[in-house]
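Single-structure report; data block below.
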């Protein structure tokens with residue numbers, strides 16, 4: 001059984017993330033979507049809220065499970081004996097950062113490999129930050145995130161969606 005880990009903050013999960021997860025689930029026997037507790041980032045949503053949104057968004061993909069971690073990704077990989085990291089690339093600018101991360105992970109855990117999946121063209125502009133900014137002003141985020149996530153965003157910002 002070949003497993004892969006797809007790490008991220010998922011603050012919140014977007015349809016771009018889900019696209020990468022669905023495609024990864026067709027390649028690997030199991031995908032572990034790993035919510036990072038990154039001390040350098042101040043998330044909008046709590047860990048519990050992010051896990052809840054992922055559970056709702058990924059419930060129809062049978063070979064996906066969700067977990068969370070704090071610390072080095074490679075320590076988590078060793079602990080569960082997984083050697084594959086999936087990362088999505090939206091643009092060339094993503095590659096430079098992701099390549100550096102992949103090399104660092106390889107240095108710390110020589111057995112691990114990072115597999116890059118190129119985003120679907122319709123999601124190349126999409127990021128959690130973009131979605132949060134649009135939602136904070138009540139802008140329409142339909143098609144950018146699952147409906148459940150959109151509800152949670154508008155609720156968090158205390159706004160009603162415009163033009164939906």
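Here the Cβ of each residue, glycine as well, is placed from N, Cα and C on the backbone.
Annotated in Swiss-Prot:
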- 9, 10, 17, 88, 89, 90, 98, 123, 124, 125, 126, 127, 128, 129: ATP binding site (BINDING)
- 9, 41, 73, 87: substrate binding site (BINDING)
- 17: site 'Transition state stabilizer' (SITE)
Task: Among the binding-site residues 17, 87, point out the residue whose Cβ has the most other Cβ atoms within 10 Å, with all shown protein chains included in the count.
output: 17
Binding-site residues near residue 87 (substrate binding site) (Cα-Cα within 10 Å), from 9, 124, 126, 128: none
- prompt: Do any residues at least six apart in sequence from residue 41 (substrate binding site), in the same chain, have a Cβ closer than 8 Å to its Cβ, and if so which, in order?
  reply: 9, 11
Query: Once the DSSP letters are reduced so that anything not helix or strand counts as coil, what is residue 17 (ATP binding site)?
result: helix
Message: If I take the alpha carbons of residue 17 (ATP binding site) and residue 73 (substrate binding site), what is the distance between them in whole Å?
response: 18
- prompt: How many angstrom lie between the most widely spaced Cα atoms of the substrate binders 9, 41, 73, 87?
  reply: 19
Message: If you count other CB atoms within 10 A of each CB, which of 9, 124, 128 wins among these binding-site residues?
response: 128
- request: Have a look at the binding-site residues 89, 98, 124, 128 and say which one has the shortest Cα distance to residue 73 (substrate binding site).
  value: 98
Per DSSP, three-state class assigned to residue 87 (substrate binding site): strand
Task: Mind checking which of 73, 98, 126 has the fewest other CB atoms within 10 A of its CB? They're the binding-site residues.
output: 98
Field: Protein Cβ atoms within 10 Å of residue 89 (ATP binding site), excluding its own
entry: 17
